[in-house]
């Protein structure tokens with residue numbers, strides 16, 4: 001235990017690696033570790049800032065519609081309608097889950113590229129992804145349970161889709177254990193890596209089949225009819241007349257525009273009053289065209305310029321209305337802290353260009369860049385402190401890179417009247433973590449090793465990773481069992497009586513602590 005504590009508090013050996021300049025090595029290990037942890041935290045702040053831009057771009061991608069011409073069987077005339085390009089279930093698994101998991105995916109991919117030519121896989125990526133799965137399942141569920149107001153109940157409306165997503169989520173980690181311990185212990189072959197990636201496609205097909213209720217494939221679980229499009233009640237309606245002059249454009253787009261439902265509403269009852277129906281699709285399409293015309297008249301460069309003005313502006317109308325001086329100071333300090341990130345992210349093109357795709361891709365590139373910096377800082381923390389890289393991955397990296405997942409699920413739990421999106425984002429993100437986040441890096445490494453050495457990829461700490469998977473399975477059964485019990489007792493997974501909501505929250509956090517402590521002790525060699 002003394003050796004473990006010494007590893008946590010610091011390492012007597014001098015670390016010759018540095019982050020920016022060689023003079024860092026002259027500082028004490030404890031000072032360097034403190035500074036590197038601050039840098040890591042600041043990177044996570046930047047990650048939260050670019051996540052906001054990512055969500056804005058995704059909203060524009062998901063709301064895109066296409067014109068469909070249908071022949072009326074009675075009048076034989078043409079009827080022009082507009083349909084959503086994206087199916088909400090597929091958008092959940094591909095855009096939302098993939099995007100919120102992109103920090104972990106980028107980190108694991110960068111770690112794999114850095115280990116090219118090495119017969120052993122890097123441990124930073126897999127450790128972060130397994131730790132992120134535990135963070136998604138336990139702390140995010142814990143917070144989502146207490147997000148609804150006292151007595152408010154939010155349940156999963158489409159159990160069929162959730163069961164499919166949950167099945168593939170659990171199978172992902174069961175599959176990971178099989179290839180690590182059963183088929184080829186401590187070794188990953190090219191076929192195993194390829195099959196891991198291909199299963200992501202099977203998840204998409206199965207989820208879409210369940211959403212569309214394909215016979216013989218989907219589960220026979222009924223759901224209420226889903227409207228074409230819905231927006232949360234709390235969202236203010238967009239009024240195009242609010243765009244009066246160029247100086248107000250960016251604030252309008254950022255603060256007052258209609259927020260599109262980026263989370264899937266798998267099944268809603270039309271009469272339950274849960275959501276407000278948006279205008280008819282034709283009206284909405286005309287409104288979109290009017291908006292685009294006004295933006296074109298205003299000028300793209302003007303809109304882009306106001307992104308930089310907004311990024312360099314400290315204070316807002318909201319902060320000026322605050323009576324508490326300390327709250328205002330804290331808000332201004334936070335904005336100053338974010339200013340370098342906001343200025344950097346202002347280079348991302350406005351979200352309405354090309355239906356948001358350019359902004360979407362640029363946001364992912366920035367996320368990848370931050371993930372690269374995070375990997376460098378993490379290596380330095382491990383070098384300076386002597387802490388096992390797996391321990392850092394299970395804890396600090398898993399929590400920091402899972403921030404987009406936390407934001408997405410909390411927004412869904414607060415704004416939407418069902419628990420579908422909040423819980424679906426968790427289960428889908430966990431699936432993406434394995435099939436893409438671990439599958440793609442391992443595919444890169446195994447393919448390189450096969451071509452260069454005719455050798456498979458070896459896993460250096462496969463025993464520790466497999467043990468973490470076993471602990472994850474055991475604790476996740478407790479988590480899902482509690483959700484099922486809440487469904488039976490209270491009629492909903494989220495919300496309910498305040499006392500029981502907080503008890504559930506505490507239990508989920510306890511499960512997470514059990515996972516972190518046991519996994520950290522195992523990879524550190526204590527049993």
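Including glycine, each Cβ sits where the backbone N, Cα and C put it.
A quick note: this is a predicted structure, and the numbers were derived from the prediction, not measured.
If you look up TrEMBL, you'll see 33-55 (among others) marked as transmembrane segment. Same-chain residues lying 6+ beyond the ends of the transmembrane segment (33-55) with a Cβ under 8 Å from its Cβ atoms: 10, 19, 27, 99-100, 103, 262, 337-338, 341-342, 344-345, 348, 351, 359-360, 363-364, 366-367, 370, 373-374, 377-378, 380-381, 384-385, 396, 400-401, 403-404, 407-408.
Residues or ranges marked as domain 'Sodium/calcium exchanger membrane region' by TrEMBL: 36-208 (among others).
Taken from TrEMBL, the feature transmembrane segment applies to 159-178 (among others).
Distant neighbours of the transmembrane segment (190-209): 87, 89-90, 92-94, 161, 164-165, 168, 171-172, 175-176, 179, 183-184, 217-218, 431-432, 434-436, 438-440, 442-443, 445-447, 450, 456-457; these residues of the same chain sit at least 6 beyond its ends, with a Cβ under 8 Å from one of its Cβ atoms. The transmembrane segment feature in TrEMBL is assigned to 190-209 (among others).
Taken from TrEMBL, the feature transmembrane segment covers 329-348 (among others). If one looks beyond the transmembrane segment (329-348) by at least 6 residues along the same chain, the residues whose Cβ comes under 8 Å of a Cβ in the stretch are 45-46, 49-50, 53, 57, 307-308, 310-312, 314-315, 319, 322, 359, 362-363, 366.
Taken from TrEMBL, the feature transmembrane segment applies to 354-375 (among others). Sequence-remote contacts of a segment are chain residues at least 6 beyond its ends whose Cβ falls under 8 Å from one of its Cβ atoms, and for the transmembrane segment (354-375) they are 40, 43, 46-47, 50-51, 53-54, 56-61, 64, 99, 102-103, 106-107, 110-111, 114, 124, 344-345, 347-348, 397, 400-401.
According to TrEMBL, the domain 'Sodium/calcium exchanger membrane region' annotation covers 356-519 (among others).
Marked as transmembrane segment by TrEMBL: 387-412 (among others).
Remote same-chain partners of the transmembrane segment (432-453), defined as residues 6 or more beyond its termini with a Cβ less than 8 Å from a stretch Cβ, comprise 93, 97-98, 101, 104-105, 108-109, 111-113, 115-117, 119, 121, 125-126, 129-130, 132-133, 172-173, 175-176, 188-190, 192-194, 196-197, 199-200, 203. The feature transmembrane segment is assigned by TrEMBL to 432-453 (among others).
Positions annotated as transmembrane segment by TrEMBL: 465-488 (among others).
Here TrEMBL flags 500-521 (among others) as transmembrane segment. Among residues of the same chain six or more beyond the transmembrane segment (500-521), those with a C-beta under 8 A of the stretch's C-beta atoms are 130-131, 134-135, 138-139, 141-143, 145-146, 148, 388, 390-391, 394-395, 464, 467-468, 471-472, 475, 478-479, 482, 486, 490, 527.
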